[in-house]
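Here is the structure we will look at, set down as structure tokens.
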Amino acid sequence: MYLLDALSTPAQYLPIAIQFAFGVLFVAGMIAISHFLGPKRNTSDKLDTFESGIEQIGNARQPMAIKYFLVAILFVLFDVEVIFFYPYALNFKSLGWEGFAAVCMFVTFFFAGFFYIYKKGALKWED
Amino acid sequence: MNLIIISALSGVVMMFSGLFVKNNRTISYIATALIIFLSLATMCELGAKSWFNIPQAEAMLRTSVYGKLIGVILTIATTFYFVLSGKDIERVGKHVADYYALMFFVLAGAGILLSFQNLLMLFLGVEILTIPLFILTGAQKQNLKSNEASLKYFLMGAFSTGIMLMGIVLIYGAMGSFDLSVIGKKAQFATPIHGANLMGLLLLLASMAFKVSAAPFHFWTPDVYDGAPTVFTSFMATIVKVAAVVAFIRLFEGSMEPFHTSKWQILVSILIACTLLVGNITAVFQQSVKRMLAYSSISQAGYMLFAVFAFNAFGKEGITIYGLSYSLATIGIFSVLSKMQDITFDGFNGLARQYPGIAFALTVFVLSLAGIPLTGGFLGKFYMISAGAASNSSYTWLFILAILCAAVSVYYYFRIIQAMYFKERVSDTPVFEVPVSKAFPILLIVVAALIILIGINPQILLQYLYF
Amino acid sequence: MSNLSQLAWLVPIFPLIGFLINGLGRNYLSKTLVGIIGSGALLLSFITSVLIFNKVSAGELLIGEAGVYFDFIKFGSFNIPFAFQIDQLTSIFLLVITGVGFLIHVYSTSYMHEETKAHFARYFAYLNLFVFSMLLLVMGANYVIMFIGWEGVGLCSYLLIGYWFKNNDYTNAAKKAFVMNRIGDLGFLIAIFYLIQHFGTTTYIDIFSQAKTEGSSSLITIITLCLFVGAMGKSAQLPLYTWLPDAMAGPTPVSALIHAATMVTAGIYMIARSNVLYALAPSTMSLVAIVGLLTAVFAASIALKQNDIKKVLAYSTVSQLGYMFLGLGVGAFTGAVFHVMTHAFFKALLFLGAGSVIHAMHHQQDMRHYGGLKKYMPVTNITMLIGCLAIAGIPPFSGFFSKDEILIAAYAANPIYYVIGLFGALMTAFYMFRMYTMTFLGGFRGDHHHLPHESPKPMTFALVVLAILAAVAGFIGLPELFTHNPEGHKLANYLAPVFKDGEALLAKHAHPDHTTEWILLAVSVGLIVAVILWAVKTYKVYKLENDAEPQGFSKILANKWYVDEIYDAVIIKPILAIGDFFGKVIETKGIDKAVNGVGKAINFGSRKFRYLQSGNVGNYILIMIVAIIILVRILFYLPMS
């Protein structure tokens, strides 16, 4: 019996509805509470749009260096790949040498990619 | 398995060759060598055993004779594409090696689509297939049209991927599995049919229709094909499209049970009718050959969908013939088109006088696309329509519509022939941007001969289906 | 592969090679070379045919699987192989086609010498292609191969009639021949379709053995009728004969080869080949006999009053073909083939003789301007005389034996056939000797400054050889009456295996006893001799000045029974009127409007559809969503059985 099969009548969705309601109420409540309780000191800096730490000057549609985003994306990419090491670490012994070989292959590809972006100059900060 | 692994590795090799090889021609040669090796590898797989034996992957990827044959066809078509259009790929931009690498990745995605056994793999395959295409579409960084097309493609592709994921989720929810055979088996005994399953399949249908650009999910096609660099349009309209159609067949062959055949055929017949009408009627009015070919590729997809309509042996055989002859013909025309100054019909004026060999080959391609007998295109259309008739003969209106649309298509295809043979060249500008090599017409004629060979003796291709 | 099958393909391949060399090299080859290649190809074919004939008479045949060279058309279980069948009938036709063809090629080298190099080569290329097609026609082991040859000879006939394509009348004649033949070909095609549908094969032996076991049926009758329609077109029978006289526009050797000796006998070959089918359809047989008889008499009557020497021969050909069909119709298959053979000799001879005269008279074809040529052209005179005697049926020339075999068989079937047939034979004798007398006897009526002269050697060579053949060919078919030996008819013995099935199925007519036969022969020969004397006497004193405008019945004859005019009034004019109506009213008002309307609608739709392609991604996605909703609606709410 799978999860949805067991929950296929409307009445059985009640816990979810409750959770939804709880979630909405919790968020709304927290915002409301902080609104009422928190101190309000409005400075010009605070009223500015948040722009990832870059000072907001003039038209937002002017071209800007893509390096930041590139590095961010690459970080996410490699970060996600590194996550695969966690399950491997847990099963290190049971997977044995075969598992080790597979992970080595994985790491090779990993480094190949790294080498590629390095050679392509994606990590070069200065022009 | 050969196709997936070797094409992925070839992609990596191409990436690195871009770092170390500076000469574009050399890069093209490397790519051509790799694709020839890849075709040989797929042929070996068709003939004997796979070089890679990974039993653990059986639940994810399961190759069939049919998928292997289509793999051979795709790689052969790509080989011809590289050989005919290599120089045009080099002219697109600076990152030639990367373009080739991306195309190898597309082939890897196609390989997954030809053998997926699991909905996750379908999703992965579709993504591996399409994401490189977004980049290829935008390869001309300085060209606004190319950028716009790329962005549009990305947006709409993301939308259709969302629909596909939604479908997969619903099916998983209803059936509790991603495995196609499990889903198919369960659906046979499920009464009443689970609504979520039906809805999921419908969403999958819609998203696959998007991938093969069947109307009314085709809107991205003309804009993207028109905006993309002409060489890459050729690749997208042929190899990618055939792979998508085969994935379409593979996906629904075993799992569309819950629809009941009759209901399924109503849905698909609507798609086919819309696709044929929109593709053909809109193509009539185009002035640009490139855009005309974009619409015609929509209508050609309409014919290929007959295999999805029918799910019988005829349909599969038909796709084999159709896929190869359509791909070769379109690649041939695009390879000429991407060298031309003026890509409207007027650009073809008087071509026959200056380049009789090229004009002859183009004529064969156009005849094949229009479905004139003795060419592979005719047999393809014939097979597709007879597949439909064999599975359900009560759809007479659909078959008549298909034949009428083929007649309409003669009009816009033959405008190329008319321009080449019966119109005089007015302007003094040369036909081609770059001088064509002496070998080019010969290669084109070889391709044309292949198309005619398929048209005369399809057995050379079909025999492999029944090894 | 038997020995014979290795030999068989050589026969058609030589003319094909000749065609290719002459056709492709027409701008480069000298005339001498072209002539040698063209005639040489035929000579080689002829030699091969003789070898084949020897093998066949020794009992070796090429039938069934042995003759299959490759699969020609194959789908599913249906298979049309490219196969040859060599049996007695084919071997006879091979000899006639390549033998007479060779002589005519030799003759042509000199007759066509005035042409320019390229046209000369074109002529020989066509001629070789014709022979190739004709060989295919008689050698094929199934109806489809026969049909390929059938169409091939039709094409070559068209090309050669219109050989002098700068003359508009000639090209019109070519078109007429082509169209008339097409009408017949349609019949043939329909017959093939019926055969395929019913028997599932087109191979002769399979069809015949199957048909024999099934017995007669209305389907067989329909098939034989359709085949006969094809034969009527190709062999110029009523009512499709009108193209043949017009076909005389082609060069005279062409008329000799195509429109007398070979192509026009294709219809006879086809029916003789299908004798089993015809024997199963008695009603078709009587139709064949009646059509043949009518054509024989009708064409002979027209020939009486023609002044163009080639037209006389053309109508005579139509008439003789009629006799052959009469023979087929009464079941005398051997007689018909015998007559095909003798006719090939004497009619080719007559045409070539006429060509020789025309050549000598500077392309004057009107007999009224001839006369007394005996003095100037001795060889032509003698050979033509032999030809005329042969066609008139004077013993011991070949025509006597073959024609009388048919007439006796007709008598056996129905004495009325005999009487009408004899009447036609008398007319034949009359018009032939009218022609002979007007041409060779009396005084010369032409231009005295350009006296005619004997033709060059290659032409007289062909004439002499054909004359010998026309004189003696009859002896291979001596009737039992003379030999008192049932085995005496050599040709009949030779052909017996081919026709035994058909003849076994036919109801036997009692063969007239010897006394009757003697009487019939004596009557016919006597009458013919009388008619000849009358004709010679009448036209020996012919003077151009005395020639009055024909009156009454002879006017009708001179105008060929007004058949062309009748066709014009009954068929062509109404068709043109209908065409006019369709063209002016239905076409412009109805179809054009409809077609243009569809075109406009598509154009309009195209423009509207284009607006959908707005370039706005939001719109696109909206449409996709709507489409999905519609699909959902169909899927969930459409009532389905």
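Glycine is no exception: its Cβ is also placed from the backbone N, Cα and C atoms.
For reference, TrEMBL has these:
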type	residues	note
DOMAIN	B:118-399	domain 'NADH:quinone oxidoreductase/Mrp antiporter transmembrane'
TRANSMEM	B:6-22	transmembrane segment
TRANSMEM	B:29-52	transmembrane segment
TRANSMEM	B:64-84	transmembrane segment
TRANSMEM	B:120-139	transmembrane segment
TRANSMEM	B:151-175	transmembrane segment
TRANSMEM	B:195-219	transmembrane segment
TRANSMEM	B:231-252	transmembrane segment
TRANSMEM	B:264-285	transmembrane segment
TRANSMEM	B:292-313	transmembrane segment
TRANSMEM	B:319-337	transmembrane segment
TRANSMEM	B:395-414	transmembrane segment
TRANSMEM	B:442-466	transmembrane segment
Problem set entry | Interface present between the transmembrane segment (B:319-337) and the transmembrane segment (B:64-84) (three or more C-beta pairs under 8 A) | yes
For this session: Look at every Cβ pair spanning the transmembrane segment (B:120-139) and the transmembrane segment (B:29-52), keep those 6 or more apart in sequence, and say whether at least 3 of them are under 8 Å.
Result: no
Exercise. Is the transmembrane segment (B:6-22) close to the transmembrane segment (B:264-285), in the sense of at least 3 CB pairs under 8 angstroms with a sequence gap of 6 or more?
Worked result: no
Exercise. What stretch, picked from B:29-52, B:195-219, B:231-252, B:395-414, B:442-466, has the most CB pairs under 8 A with the transmembrane segment (B:151-175)?
Worked result: B:195-219
Exercise. So what's near the transmembrane segment (B:395-414) in sequence-distant terms, Cβ-Cβ under 8 Å and 6+ beyond its ends?
Worked result: 265, 269, 272-273, 276-277, 279-281, 283-284, 286, 292, 296, 299, 302-303, 306, 309, 366-367, 369-372, 381, 384-385, 388-389
Exercise. Looking only at residues six or more beyond either end of the transmembrane segment (B:442-466), which have a C-beta under 8 A from one in the stretch?
Worked result: 46, 65-66, 69, 72, 80, 83-84, 316-317, 320-321, 324-325, 328-329, 331-332, 335-336, 357-358, 360-362, 364-365, 368, 373-379
For this session: Please give the sequence-distant neighbours of the transmembrane segment (B:231-252): residues at least 6 beyond its ends with Cβ less than 8 Å from one of its Cβ atoms.
Result: 66-67, 70, 73-74, 77-78, 81, 85, 88-89, 92, 99, 103, 106-107, 109-110, 113-114, 116, 122, 125-126, 129, 133, 136-137, 139, 180, 201, 204-205, 208, 211-213, 224-225, 264, 290, 293-294, 297, 300-301, 304-305, 307-308, 311, 315-316, 319, 323, 326-327, 330-331, 334-335, 337-338
